[in-house]
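As recorded in Swiss-Prot:
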- Gly165, Ala166, Ser167, Ile231: NADP(+) binding site (BINDING)
Amino acid sequence: MILIDGKSLSKDLKERLATQVQEYKHNTAITPKLVAIIVGNDPASKTYVASKEKACAQVGIDSQVITLPEHTTESELLELIDQLNNDSSVHAILVQLPLPAHINKNNVIYSIKPEKDVDGFHPTNVGRLQLRDKKCLESCTPKGIMTMLREYGIKTEGAYAVVVGASNVVGKPVSQLLLNAKATVTTCHRFTTDLKSHTTKADILIVAVGKPNFITADMVKEGAVVIDVGINHVDGKIVGDVDFAAVKDKVAAITPVPGGVGPMTITELLYNTFQCAQELNR
């Protein structure tokens, strides 16, 4: 069994990116810049954004965090985004979710200039993903999953891939990326009947449902590749959506939780920020 080590791979990829960013800055005198916006005082949001700031510094990308009070109105937030859209020194914009209930998430996402939409959530980028447009900014977690498969030499062409979970953030975009990579793809969700009949056929099984140890050994094919996107807190520990202890000896390769997909998400955010800077300054 191969352990797909996202932490180690992420470190290698950041080192590669740091070299590319340094060369880019030397050749263009442009420093890629990410602006992250937090609305309110959600502790998890602050932790996530702090880790993104730290990662930016590691590769030579400028970052700025704008923290707005909980009572910020939607129109005030949209006005700020408009200013950032028109600021040529800002290449990438991230609005940390969740937002307070009085702010419409979609209105906010749709207001970000597609070329600065570092999370890849804007409908333009969703459409570009479908069309395999090279200018597409791919959603960070799905992009990280595909990078893991590629870097570990896991063949997608002709493979049967099953994605459990159909969210806009992970399930749908990773299904599309797998399709683009010439896999045959089935996307399962809460209305799927007889889930096991699908998962036991998967050469590549990707799970993103937010339910601890949801996928058990009897649901996985011998020799499959398993990517566990879940992050769940159980008895003070972080566990995935896959019963790792039971499944690991049955599969060819598997990601751990923590230390699997998570670190790759932030690394791909850095790569997307660099892509934004390059595209905006062509």
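Glycine is treated like the rest: Cβ placed from N, Cα and C.
Here the features listed in Swiss-Prot are painted onto the structure.
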residue : record               : Cβ neighbours (10 Å)
Gly165  : NADP(+) binding site : 24
Ala166  : NADP(+) binding site : 17
Ser167  : NADP(+) binding site : 15
Ile231  : NADP(+) binding site : 17
_If the NADP(+) binders are Gly165, Ala166, Ser167, Ile231 per the record, what's the largest distance between their Cα atoms, in Å?_
16
*DSSP three-state call for Gly165 (NADP(+) binding site): helix, strand or coil?*
coil
*Please classify the secondary structure at Ile231 (NADP(+) binding site) using three-state DSSP.*
coil
